[in-house]
Amino acid sequence: NDSCEYLLSSGRFLGEKVWQPHSCMMHKYKISEAKNCLVDKHIAFIGDSRIRQLFYSFVKIINPQFKEEGNKHENIPFEDKTASVKVDFLWHPEVNGSMKQCIKVWTEDSIAKPHVIVAGAATWSIKIHNGSSEALSQYKMNITSIAPLLEKLAKTSDVYWVLQDPVYEDLLSENRKMITNEKIDAYNEAAVSILNSSTRNSKSNVKMFSVSKLIAQETIMESLDGLHLPESSRETTAMILMNVYCNKILKPVDGSCCQPRPPVTLIQKLAACFFTSSIIGYLIFYIIHRNAHRKNKPCTDLESGEEKKNIINTPVSSLEILLQSFCKLGLIMAYFYMCDRANLFMKENKFYTHSSFFIPIIYILVLGVFYNENTKETKVLNREQTDEWKGWMQLVILIYHISGASTFLPVYMHIRVLVAAYLFQTGYGHFSYFWIKGDFGIHRVCQVLFRLNFLVVVLCIVMDRPYQFYYFVPLVTVWFMVIYVTLALWPQIIQKKANGNCFWHFGLLLKLGFLLLFICFLAYSQGAFEKIFSLWPLSKCFELKGNVYEWWFRWRLDRYVVFHGMLFAFIYLALQKRQILSEGKGEPLFSNKISNFLLFISVVSFLTYSIWASSCKNKAECNELHPSVSVVQILAFILIRNIPGYARSVYSSFFAWFGKISLELFICQYHIWLAADTRGILVLIPGNPMLNIIVSTFIFVCVAHEISQITNDLAQIIIPKDNSSLLKRLACIAAFFCGLLILSSIQDKSKH
C-alpha cells in the first residue's frame, strides 16, 4: 500500500543511469512541473557537503542554470520568485548543538516552518575525531536529543533523514582515510535505531532516506574523490526526493510511487452494481437451467432396460447469452481495475535496449514463418492476408510499447507506418464493401460502430478515462464515418451502377477529390478543426486534458492514408473488373516483365523509405513529412506481398490469428499488460522479469480473445437486423449515452 517506503528504501538500476524503485514508477519532473508543485513552498537542506550536493541537484530541477559556486562551508540560499519557491542549504556538518539549535527554532509556533526538511551528517564527525568510538557515542547522544524535535516538526512538515552513503576507500585522500564503510554503517545503524524509537507507541514520522545508499553502492566507483557521488547519481537521488513530495500533489500518470489510490467515481460504482447484478443473474439462471436439465435426464425403460432419450436440445436464449457475456465481462473488468487502478499489483518503468526490442521481433517472425498455410482465395489483399498483416503489425506495435522503443526515433518512424497501414486497410476494406455491396443500411453502420467502440466505452466507464484516451478507436471510428458519408451521399455511386456507364467512375473520383480538399482544409486550419470538435457533445468525446489538440495532432498525423486506401481500392477493383490482373493460384499479378519491374521498384522504394526513417534526426520534421510519404512503404509492401503468385497463395496462420483480435490487443494492453495507462509495465511476478512477461502476456492474450468473442455475441443481440427493433435499441442506447454524459458532467464539476 505505501509505495513511498519502497521509493525511499529500495530499487535497482536498469542500465547505467535509469533507477527503478521497487514496485512503483518514478516520474521525471520537468522545470514547469517542479515549479507548479513547489509553488509557495520552502525546502530546507541541513547537513554536510553530501547534503549540499543533494541541494544543488534538487535546485537544478527547478533552475538548471543555477551554478555551484560560493563558499562551500556557508549557508546557500536559492529563491525562484516566479513560483515563490525558496530552497535553503544550511551548513551544519555535524550532529551537534549547532544543528539542534537550528532545528529547535523551527519547532516554535511563531516561526514559519519549512514544508520539507532534508537532514543528514556523519562523515565530518568521523574525520574530525579520527574515527574514534567516543565520537560515535557522542553522535548517538546528540541525535537522541535532536530526535524529539524532528518528530515534532514531522507532524506539520515532511522530514527526511538521509543515511550516509558508502565511500570508495581506495580513492580517499590521506586526511579522509579514517572514513571507512564500517564506520559509516555504525553511524547509520545508530541513526536508524534512535530515530525509529523516538516515538513509543507509534511509527516514527521522520522518514529514513536510505535509497541513496543503494545508488551509491553502484556508482561510488565513478566518484572523483571517493566521498562525493558522481553528478548522475546525485540527480537520481534529487529526482527521488521530488517524486516523494510531488507525486501526491500533481499525480503524474507515469509516477505511481507515493500516489494514493484514485477515488471511485459514481459512474464506476454504477458499473460495479451492473456487473455484479449480471453475475448474480447469470448464476441464478444457470442454477435453474441445471435443475431443469437434471429433471429431464434420460430414464431407464423397465421393460427393455434401455435409456429413453427424452431430452430435447433447446436453443440457447438471447437472455442467457446476454447474461453470460456480461458476467464474463464483469469478471474481466474487475481484473482490469485491479491491475491498473487498485494498487494491487506492482508497476515498473520501461527501459529501452536494442536487444529488448529486436530479439522478440526476430522470435515472432520465425514463429510466423513456421506456421504457414494455403489461402482459400488468391486475390490481392484477401481476408487471410489482411488478417495476417494486422496480426504481425499488432505484435510489432506491442513489442514497441513494452520495450519503451518510442525513445529510439528510427523505430518510432517505422511504427508510425504500421499505424498508417492499419488505417490504410480501414479505407481499403470499408470502401470495397460499400462499393461492391452497395449496403448503406443503418444495420451495417451500427454493427461496425458497435464492434469498434464497445470495449472502449466499457473501459471509459470502468477505468474512468476519456474516450480520446484510447485515441486509435476514435480515429478509426471517425474515418469509417467519413468513408460512409462520402459514398452514401447523393449521388450514391456503386460498382453495379458504374459498370453500366464509365461516367459514374468520374463522379466517384470527383467525390474523392472533394474529400481530399476537405481533409487539406482541416489539416491546415487548426482553428476550424478545434471549433468543430469543441462543440458539445463532441467535446466530451474528443477532449483530452481540457482541449482537442491531442485529437487534432493524432488525426493530422495520418490524414491522407485513409484516402490513399480508398483510392487504391477503387483502382484495384476497376483493374480487376476489366480482368487486367491475373489472380489465379501461383500466377504473377501481371506479365513477367511488368511484374519484375514493379517488384524491383517496390523493393527499392521500401528500402529507400526505411533508410530515410532510420536516418531521421528531428521528430517534428519527420512527423510533418510522414502523412505524404508513408503510403510509399505501404504500397511497396502490398506489391511485394501480392505480385508473386506463390506469395499470394500462402499466409501465416499464426499472425492471422492475432490479426482477428488486433483491435482488442491494442486496447487491452493499456491496462493489463502495460500499466499506468501504458506508461509502465505490469508486474504480476516480482523479481523475475522473464516469468512475469510470460504469465502476463498469456493472460493478456486470453482476455483479448475472450473480449472479442463477447463483443461478437453482444453485437448479434444488441444490433438486430429488423429496422424497427434496431431503432428502438438505438433510442435506448442514445438515452444511455445522454445519462452517461450528464453523470460525467456532474462528476467533472464536483472534481473542480
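Cβ atoms here come from the backbone N, Cα and C positions, even for glycine.
TrEMBL annotations:
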type     : residues : note
DOMAIN   : 19-90    : domain 'NXPE C-terminal'
DOMAIN   : 251-730  : domain 'Cas1p 10 TM acyl transferase'
TRANSMEM : 266-288  : transmembrane segment
TRANSMEM : 318-338  : transmembrane segment
TRANSMEM : 350-371  : transmembrane segment
TRANSMEM : 392-413  : transmembrane segment
TRANSMEM : 448-464  : transmembrane segment
TRANSMEM : 470-490  : transmembrane segment
TRANSMEM : 502-524  : transmembrane segment
TRANSMEM : 557-575  : transmembrane segment
TRANSMEM : 596-613  : transmembrane segment
TRANSMEM : 655-675  : transmembrane segment
TRANSMEM : 681-705  : transmembrane segment
TRANSMEM : 726-746  : transmembrane segment
Does the transmembrane segment (266-288) reach the transmembrane segment (448-464) with at least 3 CB pairs under 8 A, where each pair is 6 or more residues apart?
yes
Thinking of Cβ pairs under 8 Å, which stretch from 448-464, 557-575, 655-675, 681-705, 726-746 has the most of them with the transmembrane segment (318-338)?
448-464
Going along the chain, which residues at least six beyond the ends of the transmembrane segment (470-490) come within the CB cut-off of under 8 Å?
419, 422-423, 426-427, 430-431, 434-435, 440, 445, 448-449, 452-453, 456, 459-460, 511-512, 515, 541-542, 550-551, 554-555, 558, 562, 566, 663, 666-667, 670
Please average pLDDT over the domain 'Cas1p 10 TM acyl transferase' (251-730) for the predicted structure.
91
Below 8 angstroms Cβ to Cβ, which residues of this chain, lying six or more residues outside the transmembrane segment (655-675), approach it?
25, 256, 335-336, 339-340, 345, 347-348, 368, 384, 386-395, 397-398, 401-402, 422, 452, 455-456, 459, 463, 470, 472-473, 681-683, 696-697, 699-701, 703-705, 707-708, 711
Could you break down the residues of the domain 'NXPE C-terminal' (19-90) into DSSP helix, strand and coil, giving a count for each?
22 helix, 20 strand, 30 coil
